[in-house]
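Let me begin by presenting the structure, written as structure tokens, before commenting on it.
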Amino acid sequence: PKVCIIGSGPAGFYTAQHLIKACQDVEVDIYERLPVPFGLVRFGVAPDHPEVKNVINTFTQTAKHSRCSFYGNVNVGKDVTVGELQGAYHAVVLSYGAEGNRRMGVPGEDLPGVYSAKDFVGWYNGLPSCRELKPDLSCETAVILGQGNVALDVARILLSPSDILKKTDIAQPALEALAESRVRKVLIVGRRGPMQVACTIKELREMVNLPGTRPEMVTADFEGVSEALKDVPRPRKRLTDLLLKTALDAPGDKELERRRNAAKVWGFLFYRSPTEILADPGCSRTAGIRLAVNRLEGSGDAARAVLTGEVEDVSCGLVISSIGYKSLPIDPAVPFDSRRAVVPNSVGRVHQAAGLYCSGWLKTGPTGVIATTMNNSFDTARSLLEDMDSGALDVSAAKPGSQAVSSLLEERGVKPVTFSDWEKIDSLETRRGEARGKPREKLLSVEEMLKAART
């Protein structure tokens with residue numbers, strides 16, 4: 001049987017890995033819009049988290065398997081339709097992730113100085129489409145909306161000493177801009193309280209220990225929190241304990257000394273929702289943000305933020321919105337739930353579309369870490385294999401697979417990038433990095449990538 005996977009991030013590769021391991025005669029082709037594989041492992045994971053990128057080794061093994069092929073530089077929905085892929089393969093798996101942004105829906109969010117976290121992360125990670133972002137870092141205070149791991153990544157990158165960043169694979173223009181940055185204070189704003197923060201303890205600990213910075217929190221935000229901790233699950237308890245300790249405990253001598261010498265400040269601000277981005281007098285750029293003050297109804301994860309009617313203004317020249325990524329529809333032929341921004345599915349089987357499957361964030365919405373996506377992709381692969389076994393997926397007729405698609409692409413003037421072409425890009429980036437003492441120096445445009453692939 002021939003299966004095609006659209007998207008070469010963790011969802012695509014983990015789906016491919018499971019199919020190849022579990023079924024001895026399945027052939028898998030992975031199509032990717034960019035000339036380079038690995039999706040958010042390359043363009044999402046923070047540059048100072050190299051250990052998280054080790055999954056690339058596993059993905060590379062899958063890509064080099066005799067029953068797996070990679071076709072980069074192919075934009076499905078534009079260069080070739082999902083319908084054409086369905087004609088060429090027994091099954092098509094949609095694993096193209098969440099490339100859209102959730103909007104805040106407040107006045108002023110399109111002012112210069114307001115960025116989505118997805119674009120900001122893409123900028124410092126060398127995503128070609130974010131190359132021209134050039135965020136203005138000349139202000140003193142930055143406000144990040146959202147308190148998940150991406151929000152903390154952005155805060156950490158904004159405040160990290162250049163000496164740390166220059167040893168990572170951060171994009172060179174971002175490294176240079178951050179070295180000149182005037183940002184000294186980062187506020188990480190959430191609509192609920194300390195018991196509801198969405199980040200994990202590892203990311204919080206990295207903020208607490210970030211060299212050259214000290215925490216500053218509003219003591220009142222923590223009222224009643226330690227009493228409420230009795231009944232919460234252990235991971236949440238440990239996370240909240242660390243927050244409480246950081247915000248309220250008197251630091252020891254060594255920590256006090258460290259904080260006294262810190263030139264930069266960060267802090268969580270709780271119970272606040274953005275209502276408007278405020279412009280400077282000339283209305284030409286961001287000068288502040290108006291926050292509504294909330295109170296909580298209910299407790300724990302189910303607690304809801306309710307407006308109190310109070311507002312407060314915070315001066316800032318940079319606002320980064322980290323309230324979630326969202327998936328976009330790829331092709332009119334594919335069912336799409338635009339309210340939930342997912343492809344409607346049951347265990348990865350796309351509703352009302354035989355032979356069509358989905359995995360990753362497109363299936364669940366943008367939640368969880370790489371391991372979450374791994375399990376969700378294995379589940380989709382299992383559904384597909386069950387359907388093969390039960391006959392629900394007809395694999396009796398021969399299908400042309402990549403042969404048919406390759407001739408379509410050739411007619412349309414599209415030249416795919418193979419995995420060995422990617423290895424040329426990889427080796428050039430690694431060599432460029434070595435010269436600068438970095439693990440790699442990423443190529444930042446599709447043109448440069450294609451040039452390296454074709455030499």
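Heads up, the Cβ atoms here are built off N, Cα and C, so glycines get one too.
These features come from TrEMBL:
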BINDING   Ala11, Glu32, Leu40, Val76, Trp361, Gly368, Val369, Ile370  FAD binding site
BINDING   Gln147, Gly148, Asn149, Val150, Arg191, Arg192, Glu203, Gly368  NADP(+) binding site
DOMAIN    2-159  domain 'FAD/NAD(P)-binding'
If you tally other C-beta atoms within 10 angstroms for each of the binding-site residues Val150, Val369, Ile370, the top scorer is Val150
Between the C-alpha atoms of Gln147 (NADP(+) binding site) and Val369 (FAD binding site), the distance in angstrom, to the nearest integer, is 15
Taking all protein chains shown into account, the Cβ-based neighbour count within 10 Å for Gly368 (FAD binding site) is 14
For the binding-site residues Ala11, Leu40, Val76, the largest set of other C-beta atoms within 10 Å encircles the C-beta of Ala11
Among the binding-site residues listed as Ala11, Glu32, Val76, Trp361, Gly368, the Cα nearest the Cα of Asn149 (NADP(+) binding site) belongs to Gly368
Asn149 (NADP(+) binding site), Cβ-centred 10 Å count of other Cβ atoms over all protein chains shown, is 18
If you measure between the CA atoms of Glu203 (NADP(+) binding site) and Ala11 (FAD binding site) and round to the nearest Å, you get 23
By a 10 Å Cβ neighbour count, the lowest-scoring of the binding-site residues Glu32, Glu203 is Glu203
Rounded Cα distance in angstrom between Arg192 (NADP(+) binding site) and Glu32 (FAD binding site) is 38
For Val76 (FAD binding site) and Val150 (NADP(+) binding site), the CA-to-CA distance in whole Å is 28
